[in-house]
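Visitor: Here you go, one structure.
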Amino acid sequence: MANRRCSIAGNCASIESEPDSQSQTYIVHVKQPDTTVFAAETRNDYYKSLLPVGILTTGGPERLVHTYNNVLCGFAVRLTEGELKVMEETDGFISARAERKYQLHTTHTPNFLGLHPEMGVWKESNFGKGVIVGVLDTGVFPSHPSFSDEGMPPPPAKWKGRCEFNGTDCNNKIIGARNFVSGTLGELPIDDDGHGTHTASTATGAFVKNAEVLGNAYGTATGMAPWAHLAIYKVCSIEDCLESDILAGLDTAVEDGVDVLSVSLGVDYTDKFFLDNIAIGSFAAIQKGIFISCSAGNLGPFNSTLANEAPWILTVGASTMDRRIRAIAKLGNDEQFDGESTFQPKDFPSTLMPLVYAGANGKADSALCGEGSLNGTDVKGKVVLCDRGGGIGRVAKGIEVQRAGGAAMILMNDETNAFSTEADAHVLPASHISFSDGLKIKAYINSSSTPMGTIVFKGTAIGMSSAPAVTSFSSRGPSLASPGILKPDIIGPGVSVLAAWPFPLDNSTTTSTATFNIMSGTSMSCPHLSGIAALLKSAHPDWSPAAIKSAIMTTADLQNLEGKPILDETLKPANLYATGSGHVNPSRAHNPGLVYDIQPNDYIPYLCGLGYTDDQVSILAHQTIKCADQTSISEGDLNYPTFSVKLGTAQTFVRTLTNVGDAHSSYKVEILAPKGVEVKVEPKKLHFTRVNQKLTFTVSFTKSVDCDLKTPFAQGYVKWLSSKHFVRSPVAVTF
């Protein structure tokens with residue numbers, strides 16, 4: 001298979017395989033040896049016995065890159081294609097694939113999510129105390145005040161990890177830090193990118209007062225679980241994230257004893273779980289009781305673009321919050337258009353100046369404001385309108401405008417991104433506006449002989465009633481690998497998120513060591529959910545990863561702050577392939593009443609039902625599986641908290657609910673049937689008499705007799721109601 005270069009959002013492009021005379025790294029899966037229990041040293045001897053003769057004695061760089069003891073039975077090794085062919089004939093060999101390169105997919109979010117220090121889930125979970133969150137990313141900047149351990153206890157006795165930092169950089173907050181980046185082993189796991197520091201502090205950062213970015217978004221910064229411990233696994237360099245290094249980090253995290261794993265990276269969508277090594281490694285994690293949260297990817301708003309879609313992973317999409325950092329684009333005809341920018345210089349004049357469209361010369365590259373594209377274009381002292389897109393970063397467009405002498409930039413969305421805007425730390429005065437507003441500005445420029453414009457900065461505004469909304473870049477379902485499982489699972493804050501940053505920003509005047517930055521991506525929404533999972537784990541230490549996941553999903557919000565359906569980037573109601581179960585509500589997730597629980601072995605009949613071979617299921621299950629000995633089930637019969645139904649003939653699925661609320665509690669069903677579908681639930685009432693009691697029900701889906709749909713998709717829900725709780729399962733139906 002050709003190697004692929006990928007991005008921390010999940011985008012990939014093919015790279016031609018190297019010639020036979022050159023080696024590349026392969027992830028190799030092998031069969032378990034006859035002895036089921038053996039030491040790591042013995043396991044490594046077994047791995048080495050499978051390698052072609054002479055591999056380990058050949059001069060040059062180390063050929064055996066990593067060996068894995070927990071997340072898969074196998075290793076990463078550099079081989080030529082000829083050497084690979086030799087190894088494929090070895091007894092015990094299952095499969096090998098060239099490793100892929102993955103991509104890296106706040107002052108206000110705790111308040112927006114209903115987290116308050118004196119009450120509710122924060123107080124009742126003791127802020128995540130005692131829980132260990134492992135973060136696989138670009139490392140960390142340990143001296144940032146977000147990683148202060150003031151008031152924190154030592155790590156739990158079960159912790160087996162270690163710290164590669166010098167001196168006191170590790171403490172009771174950062175209890176472990178390791179570097180797994182190939183070619184840099186022995187170097188410190190310091191963050192030279194910023195991404196890892198940002199995600200780690202979003203999940204578990206301590207309270208830091210007076211946080212701000214370029215004078216905006218002022219407040220107290222904190223992570224979702226501020227008293228949880230943090231274990232850092234550096235698996236990405238500033239250039240890329242190698243699959244073998246990610247697996248090495250996962251393998252060690254499972255061994256170390258983390259409770260929650262936060263993985264804000266991914267490769268592009270795959271249609272087979274046994275080809276996805278994060279899916280394979282995370283299955284080993286849930287077998288050890290470890291909850292894993294992963295970013296959904298940044299390839300939206302297009303359908304079936306998800307990364308990290310295995311049902312044992314919490315797949316997290318991105319939404320807006322109710323904060324905007326407003327920058328108004330004002331025109332000479334007095335029209336004003338609401339935009340965003342974090343950089344808001346106090347000395348920028350509000351007087352009008354000449355306004356030009358960068359693409360007025362008819363050149364597409366000029367319109368996109370890419371590097372060097374404005375050479376020979378007179379923009380000096382002018383406000384420049386640039387088009388979004390072309391694979392050019394939003395801030396990079398402003399750098400080109402500034403280089404060419406422009407005074408300010410108006411950045412208009414392309415049609416795909418529609419109304420989704422972001423507050424970036426631009427290098428010059430700027431306003432990021434919607435596509436429709438950009439068209440109006442273009443029309444004004446074309447209709448005026450002397451078009452004029454400026455940027456008027458309005459600072460931070462709280463209380464945008466249309467939040468949360470699904471942002472344009474958030475990857476969408478349906479799942480390719482398993483269409484019968486609704487994905488993503490949940491959405492959470494991922495747009496213009498403030499968190500810790502290791503470097504001063506280029507246009508910052510602050511002398512503080514507590515620097516912060518605003519970033520956007522499903523990389524930002526993922527650690528929000530990782531931290532919330534840590535809160536639930538602290539409050540309910542006996543809950544399984546699936547129970548925590550169910551609690552998060554069945555209590556989610558389907559409406560925005562003004563009580564209307566959550567919208568997407570087009571300002572139309574978002575469908576379930578964008579929202580999953582909805583927007584996370586930590587307070588309700590803390591006390592869900594009932595959960596849909598799944599034990600690790602429950603996934604095996606499901607995997608057999610996907611038509612996988614024994615070897616393919618064995619790779620995922622980390623044990624020898626014969627599907628002929630299993631009672632295979634359909635995707636719809638996995639005890640998942642949602643339903644994704646492809647409806648031709650009538651279908652009936654079984655679900656089991658576990659009581660985690662009051663011992664004596666009764667629930668009745670409420671059904672919102674998808675248009676064109678008849679939904680029947682039996683029984684219609686569930687009566688529980690003890691905690692942890694399990695009761696089963698069936699759900700039948702039948703196409704309505706008078707069904708004459710103009711759309712191939714419909715949605716609804718099945719909801720169980722008691723006097724205290726609701727337990728809602730969204731239903732997505734394709735015809």
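Cβ coordinates come from backbone N, Cα and C, glycine included.
Pulled from TrEMBL, these are the listed features:
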ACT_SITE  Asp137  active site, charge relay system
ACT_SITE  His195  active site, charge relay system
ACT_SITE  Ser523  active site, charge relay system
DOMAIN    25-105  domain 'Inhibitor I9'
DOMAIN    128-559  domain 'Peptidase S8/S53'
DOMAIN    354-441  domain 'PA'
DOMAIN    637-733  domain 'Subtilisin-like protease fibronectin type-III'
Visitor: Count the other Cβ atoms sitting within 10 Å of the Cβ of His195 (active site, charge relay system), across every protein chain shown.
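Guide: There are 25 of them.
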Visitor: Write out how many residues of the domain 'Inhibitor I9' (25-105) are helix, how many strand and how many coil, based on DSSP.
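Guide: Helix, strand and coil residues of the domain 'Inhibitor I9' (25-105) number 18 helix, 27 strand, 36 coil.
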Visitor: Among all chains shown, work out which of the active-site residues Asp137, Ser523 has the most CB atoms within 10 A of its CB.
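Guide: Most Cβ neighbours within 10 Å: Ser523.
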Visitor: Report, in whole Å, the straight Cα-to-Cα distance of His195 (active site, charge relay system) from Ser523 (active site, charge relay system).
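Guide: Just about 8 Å between their Cα atoms.
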Visitor: Work out how many Å separate His195 (active site, charge relay system) and Asp137 (active site, charge relay system) at their Cα atoms, rounded off.
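Guide: Asp137 (active site, charge relay system) has its Cα 7 Å from the Cα of His195 (active site, charge relay system).
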Visitor: Summarise the model's confidence over the domain 'Peptidase S8/S53' (128-559) as a mean pLDDT value.
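Guide: For the domain 'Peptidase S8/S53' (128-559), the model's average pLDDT rounds to 94.
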Visitor: By DSSP, what is the split of the domain 'Subtilisin-like protease fibronectin type-III' (637-733) into helix, strand and coil residues?
Guide: 1 helix, 58 strand, 38 coil
Visitor: Helix, strand, coil residue numbers for the domain 'PA' (354-441) per DSSP?
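Guide: Residue counts in helix, strand and coil order: 21 helix, 20 strand, 47 coil.
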